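Let me begin by presenting the structure, written as structure tokens, before commenting on it.
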Amino acid sequence: MPKEYDLVIIGAGTGGYTAAVKAAKEGLKTAVVEKDREGGTCLHQGCIPSKALLKSAEMYREMQESAQYGISASDVTLQFDKVQSRKDTVVEQLHRGVKSLMNKDSIDIYKGTGRILGPSIFSPRAGTISVERNDEQENAMLLPKHVMIATGSRPRQFPGLEADGTTIMTSDHALELNELPASIIIVGGGVIGVEFASMMSDFGVEVTVIENTSRLLPQEDQDVAKEMEKSLKNRGVHIYTAGNVLEKKYSDEDSVTLQVEQNGQPFELTAGKVLLCIGRQANIEDIGIENTDIETENGVVVTDGAGRTKETHIYAIGDVRGGMQLAHTASREGINAVEDMLMRMPEPVDPARVPRCTYSRPETASIGWTQEQAENRYEYVKVSRVPFQALGRAVVQGKTEGFVKFVVNGANDDLLGVHMFGDGVTELISEASLAMLVDAANTELAETIHPHPSLSEIFGEAALAVENRAIHF
Ligand SMILES: Cc1cc2nc3c(=O)[nH]c(=O)nc-3n(C[C@H](O)[C@H](O)[C@H](O)COP(=O)(O)OP(=O)(O)OC[C@H]3O[C@@H](n4cnc5c(N)ncnc54)[C@H](O)[C@@H]3O)c2cc1C
């Protein structure tokens, strides 16, 4: 007989495990089916391992540049095997944390592949879950009142340039490299491509980026994208925007040659490795969607604002639902779906209030509308831009590159967007996130007292600058 649950979640990534803990804390009898490791992409192939490697890359670069702080460090040596083992230790520590969170809340974890079955003798509606176990336990049948699909996504493949894990890699492979190549071509200049470009360049790899739109970070404000391009170029990264990979000309164990074109001009590029960063594809196959009335569109599961699919007892959250494929969106959507099951009518996630970060050196962080988007939506838009150069703390830190840009509705003083490029901005963005949540007016940000000296002072200055009242700029 199937085991009964209030909620069964397929996938224990960021979205799935967060929803499971939330549901268990609310008293719902909860099970999670996970075919790989708890923590999903974010913990094992995404946010955490990439940031651990980026941290080592940044340390390596900073130690080489330590003379500016009066410290001479000779013989700065990169031991990439140790960099990788530190990253593995970080991931393992957090993996243990996720497992213990789920154990503490008495969530049943089934290791294996979960599939949704159609109506059966157990249930008149789609939703019984079959679990094909991969932990030597017997396969299982689970009968939940609610189902949550949280199966995430995987790297998108490039037709004709399929990743083989050796010379042609996805981000999954690049995070597990045993040694660094002398050179790398990164196909795709979005967030993941830019993070790898920054990391590889700091590790001393010769980096080329090919991006098929007219600029890096196409989702970001133009000013941020432009500065990022300038900064990477200053570090010796070769960047081809409006560039396309036409085909693979040649590859052997040590190198790959690609036929590329930019502005109609074909040319060849050769490097030790190619890294594909061209987006993510939702995991909608082999989970039994065909046994249900659930709709999919453009490769993602269609839901309403609360995450309900067309089968209203089946929810989908996180990357499998498309949209902003970010860990913090996945976890919020998971929490909201549980709230919806409890009939609490949560506010849908508003993409204009979700922070977006690139953990390169320097970083980018933003929230809300870009200047261009705001000008298309509102009649009277005011903009300010304040450089970190104006701040004592930035000068002290030796990190004056970058700026903060505010986009404000001139008609009512509403903050419409905040866009930042600079050291530490991925931490600063949370102030803008809170400001937007509580609908703070620009003048309220100007009145907020920020500690001195701190990078956060730039918020007050940027808010004042909207009214041409900035003190330090
Ligand atoms: C290199 C890289 C860097 C990133 N950096 C960031 C970052 O800095 N910040 C950020 O917010 N986001 C980042 N992301 C994105 C982030 O990792 C994802 O948005 C997030 O992991 C999505 O969570 P999820 O729960 O939807 O899916 P996932 O984390 O992908 O989890 C899905 C889980 O479902 C399991 N699963 C799939 N099918 C089945 C099945 N049939 N049965 C059982 N289990 C199944 C999978 O094994 C997996 O564990 C990054 C991604 C990459 C690739």
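Cβ atoms here come from the backbone N, Cα and C positions, even for glycine.
According to TrEMBL:
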- His452: active site, proton acceptor (ACT_SITE)
- Lys51, Gly114, Thr151, Gly152, Ser153, Asp319: FAD binding site (BINDING)
- Gly188, Gly189, Gly190, Val191, Ile192, Gly193, Val194, Glu195, Glu211, Gly279: NAD(+) binding site (BINDING)
- Cys42-Cys47: disulfide bond (DISULFID)
- 5-334: domain 'FAD/NAD(P)-binding' (DOMAIN)
- 354-463: domain 'Pyridine nucleotide-disulphide oxidoreductase dimerisation' (DOMAIN)
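Within the set of recorded positions Gly188, Gly190, Val194, Glu211, His452, no residue has a CB atom less than 6 Å from any atom of ligand 1. Closest to the residue listed as 'active site, proton acceptor' in space, going by CA atoms and restricting to the binding-site residues Gly114, Gly190, Asp319, is Gly190. Sequence-distant neighbours of Cys47 (disulfide bond) (same chain, 6+ apart, CB under 8 A from its CB) are Ala327. Other Cβ atoms within 10 Å of the Cβ of the residue listed as 'active site, proton acceptor' number 10 in total over all chains. Rounded to a whole number, the C-alpha distance linking Gly114 (FAD binding site) with Gly190 (NAD(+) binding site) is 32 angstrom. Binding-site extent for NAD(+): residues Gly188, Gly189, Gly190, Val191, Ile192, Gly193, Val194, Glu195, Glu211, Gly279, maximum pairwise Cα distance 14 Å (rounded to the nearest whole number). A count of other CB atoms within 10 A of each Cβ picks out Val194 as the most crowded of the recorded positions Cys42, Ile192, Val194.
Counting every protein chain shown, the Cβ of Gly188 (NAD(+) binding site) has 25 other Cβ atoms within 10 Å.
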